[in-house]
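Engineer: When I checked TrEMBL for this same protein, it listed these features:
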TRANSMEM  12-30  transmembrane segment
TRANSMEM  37-59  transmembrane segment
TRANSMEM  65-82  transmembrane segment
TRANSMEM  94-117  transmembrane segment
TRANSMEM  129-147  transmembrane segment
TRANSMEM  220-241  transmembrane segment
Amino acid sequence: MDGLVELNLVDLGWALGMMGICLLLSRWSNLALEGQLLLATGRSILQLLVVGYVIAVIFSLDNPLAVLGILAVMITIATIVAKNRIDSRDKGLLPLVFGSLLISSCLTLGYAIALIIQPEQWYSPQYLIPLTGMVLGNAMNSASLAGERLSSTIKSHRLEIETHLCLGATPQQAIADYQKAAIRASLIPTLNQMMVVGLVSLPGMFTGQVLAGSEPLNAASYQILILFMIALANLITAQLVTEGIYRRFFGENLSLIS
């Protein structure tokens with residue numbers, strides 16, 4: 001297979017032309033998206049160039065503390081984003097979301113690194129950083145979807161929940177159906193992706209490895225691993241987040257907090 005074709009500044013300039021077309025289409029259609037498109041374009045360029053530089057430095061250092069440092073930054077940002085999507089005013093959600101993401105990521109990555117990939121060094125940035133990024137990004141979305149869904153459902157079904165409590169149900173029994181629905185909803189994007197992968201979409205891990213010159217079957221194997229890691233991390237995250245959130249709605253006397 002041919003090696004990866006490297007892109008220079010001229011190539012990136014041509015790529016930027018596609019965003020120019022987006023701006024023209026927005027103006028022509030009166031969509032008023034020009035500001036958002038410019039901001040998104042600028043941020044994507046800046047963020048990716050910065051992360052590319054940082055990761056290059058970490059690769060050259062080959063130091064476990066440097067790798068763990070960038071992973072800590074990643075999980076912190078994911079925690080803040082997920083927490084704000086659930087409820088931006090409730091600061092008490094931060095430790096819950098952080099713990100859920102940390103546990104699900106550590107379990108999933110530990111399983112994959114220790115039992116499947118088995119690199120020479122457990123902290124190998126070549127594997128740990130990209131795998132963590134993909135797992136965390138999806139787990140963050142799962143936490144957001146499950147947490148927001150359960151919170152809004154409990155708030156809009158207070159009467160039904162209080163009725164169950166009056167009839168002798170425990171808080172867990174009273175919200176069990178709502179919790180299950182929230183977890184199912186958070187897994188819909190993951191399941192949809194797994195159902196159509198290779199048929200409708202070619203995921204990033206697969207296309208990236210193929211572009212880099214890897215054998216397609218090896219790239220497919222890694223993509224299968226990633227999909228399974230994402231599914232496990234998302235399910236664990238949704239379970240932990242919803243478990244913690246529902247408990248925040250009930251007081252010490254097991255009554256629904258107003």
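Here the Cβ of each residue, glycine as well, is placed from N, Cα and C on the backbone.
Thinking about packing and proximity, how do these listed features fit into the structure?
Structural biologist: Within the chain carrying the transmembrane segment (12-30), a Cβ under 8 angstroms from the stretch's Cβ atoms is held by residues 37-38, 41, all 6 or more beyond its ends.
For the transmembrane segment (94-117), the residues of the chain that approach it from at least six positions outside its boundaries are 75-76, 78-80, 82-83, 86, 127-128, 131-132, 135-136, 139-140, 143, 147, 225, 229, 232-234, 236-237, 240-241, 244-245, 248, judged by C-beta separation under 8 angstroms.
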Engineer: Report the listed stretch (37-59, 129-147, 220-241) having the maximum count of Cβ pairs within less than 8 Å of the transmembrane segment (65-82).
Structural biologist: 129-147
Engineer: List, by number or range, the same-chain residues at least 6 past the transmembrane segment (220-241) whose CB is under 8 A from its CB atoms?
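Structural biologist: Answer is 86, 96-97, 99-101, 103-105, 107-109, 111-112, 116-117, 131, 134-135, 138-139, 141-143, 145-147, 182-183, 186-187, 190-191, 193-194, 197-198, 203, 205-206, 209.
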Engineer: What else in the chain is close to the transmembrane segment (37-59), if you only count residues 6 or more beyond its ends and a Cβ gap under 8 Å?
Structural biologist: 16, 19, 22-23, 26, 66-67, 70, 125-126, 129
